Protein chains: 2
Amino acid sequence: MRDASTPDPRDTLDAVGELAALARIIPRLPESAATLLGPGDDAAVLAAADGRYVVTTDMMIHGPDFRTAWSTMHDLGWKAAATNLSDVAAMGARPTALVVALAAPGSTPVPELEAFADGMRDACAALAPGCGVVGGDLSVSSVLTIAVTAFGDLEGRAPVTRSGAGEGDVIAVSGPLGLAAEGLALLFERGVDATGAPDATAAARLRAEHPEPLSAQLAPRPPIADGTLAARAGATAMLDLSDGLALDARRVARASGVGLDLDGALLAAAGPHALTGGEDHSLMATFPAAVAEQGLPGGFVAIGRVVAAPVDAEGRAVPAVLVDGRAVDERGGWDPFAEWSGQAG
Amino acid sequence: MRDASTPDPRDTLDAVGELAALARIIPRLPESAATLLGPGDDAAVLAAADGRYVVTTDMMIHGPDFRTAWSTMHDLGWKAAATNLSDVAAMGARPTALVVALAAPGSTPVPELEAFADGMRDACAALAPGCGVVGGDLSVSSVLTIAVTAFGDLEGRAPVTRSGAGEGDVIAVSGPLGLAAEGLALLFERGVDATGAPDATAAARLRAEHPEPLSAQLAPRPPIADGTLAARAGATAMLDLSDGLALDARRVARASGVGLDLDGALLAAAGPHALTGGEDHSLMATFPAAVAEQGLPGGFVAIGRVVAAPVDAEGRAVPAVLVDGRAVDERGGWDPFAEWSGQAG
């Protein structure tokens, strides 16, 4: 009997070939309710009911973006879908469809590619029902690489950009702050073997012990539906927290020409990574005070207030992020160019 | 004085960082006339005037898909745009926009990334004016990887799929047949050094001597505008010839349940790679005979006739490609999984 953990050398991408592998993967992918013409031709055709569509693209690379000892292929399919859905939701749009280009080593077992497809399907079903995969590309590469482009429907509304935050608005977040970074810190600390290399057994044990931070890092559940709820409620600005609250809030501050004053006690309660931890894919939005008084939509919780941009010594307004009224300069987040060690694992 | 061919070690992706590199690349990219909200937020918003949009995605990987000794970064930007525009055109749509995800080694000189952007800009200007880049992602990877997703506007028309070819239709092609494969054969034969490794100097000399096949391979010029001309003229089926005429024509034969009978004398005149050479990105379409009698649109030239599917020994119809009435089984094309040697260069 074959050990379940030993891949069958006759069932790899190289051995099976691109077309046969695709024939096994495609049926597992979720269908999109927006499909007018599905996969199988030179291109797909999608409906854009209000004459517009939202588009975002993102790539995940083995090494700087994930370790295969820590992430299962199901995790990677899930995360590739979830992070792109989150960018669509951050515009106030409902995600409708994805296309995915996957490049994998020829030695990759086809069941691993099936698990990747299952991860995309499960993420769409859980986070954005009706959203599905309408096209893709399968290639061979020595570096596992995933490129997803996601689409959304604004349903007649204006997009919620980063530039609309106004003085007096309430700043709110839906989803965790710093939980994904807590998971990553645990993995780097304890998801490794004696030599410090990423280790699948250690990671699996860690995940059982600390399911919340580990899942936040490896298979995040962004509050996709809260994107449209925020837009309907009148959010003035919104974005996906991918690079950490400090860095992402500064983007809103600069685009809107304001200060974003965060509540230090709430950040402290959220834990040590709340201000600088990346990859939460929570939504940060600003709402008029009158909206907040009526009750914030979905899972949004107030974390601060939009104020006038602080003024520097020469009297110039300098949009910035503040905590309890004092400007912060913590960068946070994750810059693979600056920080990637060159290791994979 | 610095030799122009020596990259400045202070001007690489690693040294400059992602944000500064993007600030230099983004202004070089072409703008899209369909843009309602451009790059810089979580996602872009595009117009879909007739309530639909066409989507296709494709990835190019260093090694199986290109050699950097043969292709300049300008070539790669051009080809990544051109091949995706061609898939949009093959639906009978007008290309409107692209998103591009690029992953490059940290040692890549930023001027090389600028040349890549210039290649995309020049391809859009030459092949699909008004089409531009509305979003992207820049990552670091040890393997240069390019993923493009392209969008198009059907302008109220039905998409031209692969399944509409009918008996009696004229088969026509716009663009070369086998020219890109001729270029690739020349490169493998003479674009190499004494050890057989891809060589930039040899490739540049070869390109000066044989500009047509080399450009067809390295920077193809698909007849993008002929896609909409074919649709307006009433094309019954159409596709982009990326895997070679024999293989791609079989796709139309199978989708339409017919035989595609090609003219052997015309194929012979087109050269040895006409039937099996991949990567031409010419358009193949079928037109009702009455349309052909009035004159085929754009650059389309008749190469055969749609016939009833041949019948096998048991009397079953077997959709197939024929040459002068005889079924052919040449596969042709390029399957990186089966054929990639694992080399880059």
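Every residue, even glycine, has its Cβ placed from backbone N, Cα and C.
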Which one, A:THR56, A:THR57, A:THR72, is listed by TrEMBL in the same Mg(2+) 4 site as A:ASP42, A:ASP87? A:THR56
What's the most sparsely packed of the binding-site residues A:ASP42, A:ASP87, A:ASP243, counting other C-beta atoms within 10 A? A:ASP243
Among all chains shown, work out which of the binding-site residues A:ASP137, A:ASP240, A:GLU279 has the most CB atoms within 10 A of its CB. A:ASP240
Check each of A:THR56, A:ASP87, A:SER242, A:ASP243 (the binding-site residues) against chain B and write down, in sequence order, those whose C-beta lies under 8 A from a C-beta there; write 'none' if there are none. A:THR56, A:ASP87
A:ARG162 (ATP binding site) - helix vs strand vs coil (DSSP): coil
Among A:THR56, A:THR57, A:SER242, the most crowded of the binding-site residues [Cβ within 10 Å]: A:THR56
Considering Cα atoms only, can you say which of A:ASP65, A:ASP87, A:ASP240, A:SER242, A:ASP243 is the nearest neighbour of A:THR57 (Mg(2+) 1 binding site) among these binding-site residues? A:ASP87
Pairwise Cα distance for A:ASP42 (Mg(2+) 3 binding site)/A:ASP243 (Mg(2+) 5 binding site) [Å, integer]: 35
Spacing of the two Cα atoms, A:ASP87 (Mg(2+) 3 binding site) and A:THR56 (Mg(2+) 4 binding site), in whole angstrom, works out to 7
